[in-house]
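Notes for the one structure printed next.
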Amino acid sequence: MIRNDTIVAPVTYPGKSSVGILRISGINAKQVAIKILGKVPKPRFATYTKFFNKNHKVLDQGISLWFPAPFSFTGEDVLELQGHGNPMIMDLLIKRILSIQHIRLAKPGEFCERAFLNGKIDLVQAEAIDDLINAETESMVKGALNSLEGSFSYYVTNLVERLNTFRIHIESSIDFAEEEIDFNFDDVISLNFHKLNNQFLKIKKIIINKSVIREAKKIIIVGPPNAGKSSLLNVLSSRNRAIVTNIPGTTRDLLYEYINIDGFLYEIIDTAGLHNTENEVEKIGINRAWEILKTCDHVLFVIDKTMDIKIQNQILHDFIKKINSYNYCVQITFILNKNDLLKDDFDIKKIGNHYFISISALTGQGLDVLRQHLTKAEKNKEKEGLFVARRRHVHQIELSYNEFLKAKKIWSNYKNIELLAESLRLINQFLGEITGSFSSNDLLNRIFSTFCIGK
Ligand code: GDP
């Protein structure tokens with residue numbers, strides 16, 4: 001895509017340093033080279049040159065690099081000037097460059113945006129550049145590098161390819177009269193559903209096991225009233241933030257707290273007890289808890305271990321049934337609280353796919369086990385080929401998987417091929433928003449405006 005305007009920005013951090021780099025990208029970058037350097041440097045060679053002002057007086061001297069389109073980061077003609085890292089010199093150079101026609105200052109993230117729009121990188125890779133620059137832990141750096149190399153995009157692209165095979169099949173059969181359709185059409189559709197479902201489950205598992213979410217990990221504390229949820233939030237955050245009473249329904253809305261465990265940042269959310277209630281305010285809180293749960297990475301389901309075991313089992317069963325029906329990408333750990341009132345060990349047990357940890361939020365016993373359990377998953381990821389995902393990516397995968405399940409249901413009920421085609425098209429769109437193959441201006445603005453100038 002050719003744009004008429006050419007952009008310039010410093011790509012090094014403002015302030016004094018030995019080297020300061022300016023990047024110029026666009027159709028007039030060649031003009032800039034001629035005016036500032038007196039010539040266009042040899043492509044992809046480091047050339048030592050003088051940088052001149054309007055009156056042909058030397059402003060600075062340093063290295064110039066010339067990357068003619070399309071073999072540059074942005075896919076456009078790119079000139080890089082590496083001068084002395086003095087803000088005054090950089091400022092004079094920028095002013096001089098801006099005095100040339102059709103050159104303007106780059107907006108935040110605009111170099112990356114152009115690279116994306118010219119097909120040099122996809123949206124996940126553009127975000128990975130931002131993540132790499134802002135990474136604060138070693139695992140974030142590794143993850144961002146892997147994402148930049150396209151490991152996450154690879155999984156998404158595979159899923160989209162599988163979907164497209166299905167779509168081609170469906171779209172092409174729309175044009176045939178019913179009697180012309182293959183007699184085993186239904187089997188073909190079932191097979192495609194089956195393959196696509198496997199692919200979805202694979203990517204969901206990969207997200208849970210291999211992704212480092214750029215934002216703080218979200219942990220939500222849920223469970224019946226009076227189980228000790230607020231006490232758990234307080235003891236984890238070492239603050240008396242939530243009101244603790246033995247009156248059920250004290251926490252009627254959501255409480256947020258940030259905690260750091262072993263260098264990993266978590267956002268902990270305490271919720272209203274999940275139970276059937278006639279109280280309207282409580283009802284709103286409970287609905288909000290279910291809403292927010294889908295955006296979380298880990299659920300701590302707290303239960304009062306001193307309760308009748310049959311009631312406990314019923315509560316757990318109802319919760320697992322409900323959460324499974326939503327298909328959220330979320331890990332669940334059951335917290336058996338008030339263990340101080342029993343003679344049991346403060347330990348962790350795995351039953352089926354779930355972990356059960358006995359603790360006392362009152363005395364703090366068992367909390368080390370819980371903390372280790374929370375960080376274990378993160379540490380394991382560091383050993384594997386992890387990548388950085390953003391909450392936006394996880395959300396799009398969930399949107400598309402839910403649409404996929406809806407499509408399956410509609411097909412089994414109505415066998416309507418047009419409805420199925422429309423659902424598959426929607427899924428394609430949801431997935432395409434991850435890598436940017438489908439992207440609105442609004443989405444692009446939202447993403448690139450969070451980058452800083454020069455990226
Ligand atoms: P929530 O409604 O689930 O948020 O429960 P709270 O945190 O408000 O606790 C309800 C009651 O249980 C309060 O009286 C707490 O002091 C008590 N409690 C909470 N955790 C424990 C615990 O581990 N042991 C004992 N013995 N009492 C607890």
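Every residue gets a Cβ built from N, Cα and C, even glycine.
What TrEMBL says about a protein is an automatic prediction, not a curated fact.
In three-state terms derived from DSSP, E80 ((6S)-5-formyl-5,6,7,8-tetrahydrofolate binding site) belongs to an extended strand segment. All protein chains shown were included, and the count of other CB atoms within 10 Å of the CB of E80 ((6S)-5-formyl-5,6,7,8-tetrahydrofolate binding site) stands at 21. Here TrEMBL flags R23, E80, K120, K455 as (6S)-5-formyl-5,6,7,8-tetrahydrofolate binding site.
Counting Cβ atoms from all protein chains shown, N226 (GTP binding site) has 21 others lying within 10 Å of its own Cβ. If you look up TrEMBL, you'll see 226-231, 245-251, 270-273 marked as GTP binding site.
The Mg(2+) binding site annotation in TrEMBL covers S230, T251. In the three-state DSSP assignment, the secondary structure recorded for S230 (Mg(2+) binding site) is helix.
What TrEMBL lists as domain 'TrmE-type G' is 216-379. On the 0 to 100 pLDDT scale, the domain 'TrmE-type G' (216-379) averages 80 in the predicted structure.
Proximity to ligand 1 at the level of Cβ atoms, with a cut-off under 6 angstroms, picks out N226, K229, S230 from the binding-site residues R23, E80, N226, K229, S230, K455. Put simply, K120 ((6S)-5-formyl-5,6,7,8-tetrahydrofolate binding site) is 49 Å from S230 (Mg(2+) binding site) when counted between their Cα atoms.
Among the record's (6S)-5-formyl-5,6,7,8-tetrahydrofolate binders, R23, E80, K120, K455, no two C-alpha atoms are more than 18 Å apart, and one pair sits at exactly that spread. Of the listed binding-site residues R23, K455, the Cβ environment within 10 Å is emptiest of other Cβ atoms at K455. When Cβ neighbours within 10 Å are tallied across all protein chains shown, the highest count among the binding-site residues K120, K229 belongs to K229. Each residue contributes its Cα atom, and for E80 ((6S)-5-formyl-5,6,7,8-tetrahydrofolate binding site) and K229 (GTP binding site) those atoms are 56 Å apart.
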